[in-house]
Amino acid sequence: MELLFLGTGAGIPAKARNVTSVALKLLEERRSVWLFDCGEATQHQILHTTIKPRKIEKIFITHMHGDHVYGLPGLLGSRSFQGGEDELTVYGPKGIKAFIETSLAVTKTHLTYPLAIQEIEEGIVFEDDQFIVTAVSVIHGVEAFGYRVQEKDVPGSLKADVLKEMNIPPGPVYQKIKKGETVTLEDGRIINGNDFLEPPKKGRSVVFSGDTRVSDKLKELARDCDVLVHEATFAKEDRKLAYDYYHSTTEQAAVTAKEARAKQLILTHISARYQGDASLELQKEAVDVFPNSVAAYDFLEVNVPRG
């Protein structure tokens with residue numbers, strides 16, 4: 001599980017920062033990539049990475065402002081030209097379906113793969129045997145969501161050496177033991193599968209704030225997460241601007257991370273007014289409150305290790 005920041009700017013593209021998009025690379029877990037937001041020219045940014053558009057399985061949109069969605073039509077269309085055949089699902093607020101379908105219709109774009117579009121509400125928006133994705137409403141003046149990606153605990157590996165020492169040869173019985181079932185062997189012995197499994201590996205979690213003012217719902221969503229990706233459009237001295245425009249400051253993001261007991265904070269969605277050394281100062285403002293903070297930049301990659 002890795003994060004790759006494709007765009008870390010706010011509002012409009014800048015020379016050093018494209019508008020918002022973050023890739024969650026799940027290549028080991030499910031051989032796919034999930035995107036969170038898809039600002040203008042996200043597909044251009046992808047060209048500078050190892051991401052293959054056909055591997056993009058899901059796109060989660062936090063809200064319908066242009067700097068978070070204008071890259072969708074181009075990316076969806078290009079995916080067809082780049083070998084995309086597997087279904088892609090887009091999740092987002094009301095309006096996302098009309099935006100995508102209208103864009104594809106008026107440009108007469110034909111997709112070579114199934115496209116599903118889900119307009120979401122608060123709650124669980126996706127779940128399978130590996131992951132659960134939860135959305136909560138955040139405060140941005142329009143309908144907007146934050147997302148938590150929670151990996152489910154991974155069952156412990158089978159203690160095959162112990163089984164062999166007990167003269168239990170490999171075979172279908174190993175699958176039952178691996179599921180934790182109680183098994184009766186051919187010689188009459190009864191064993192509990194859980195006794196032959198290593199401890200389960202705790203699932204990892206990543207939270208994406210989207211654009212928001214300080215939000216109690218977001219803080220709860222981020223409780224004990226491994227990584228909190230939080231917008232920091234403004235420096236702490238610009239607190240009033242942040243409030244007026246429904247955004248957060250570096251300091252506010254850091255306080256949220258601290259109160260949520262997140263393990264790591266990554267700042268993104270940084271205004272173009274902060275260039276060069278000024279953007280380094282943003283990171284320092286967060287570190288002063290929450291030491292394990294970093295200000296993202298375009299193409300930053302962050303591994304999400306198991307605890």
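Every residue, even glycine, has its Cβ placed from backbone N, Cα and C.
According to Swiss-Prot, Asp67, His68, His269 bind Zn(2+) 2; the candidate from Asp128, Asp211, Asp216 that the record adds to this site is Asp211. Looking at His68 (Zn(2+) 2 binding site) and His140 (Zn(2+) 1 binding site), their Cα atoms lie 13 Å from each other. Ranking the recorded positions Asp67, Asp211 by how many other Cβ atoms lie within 10 angstroms of each Cβ puts Asp67 at the bottom.
Close to His269 (Zn(2+) 2 binding site) in the fold, though at least 6 residues off in sequence, lie Thr8, Gly9, Ala10, Thr20, Asp211, Glu231, Ala232, Thr233, His247, each with a CB less than 8 Å from its CB. Of the recorded residues, Asp67 (active site, proton acceptor) and His140 (Zn(2+) 1 binding site) place their C-alpha atoms 14 Å from one another.
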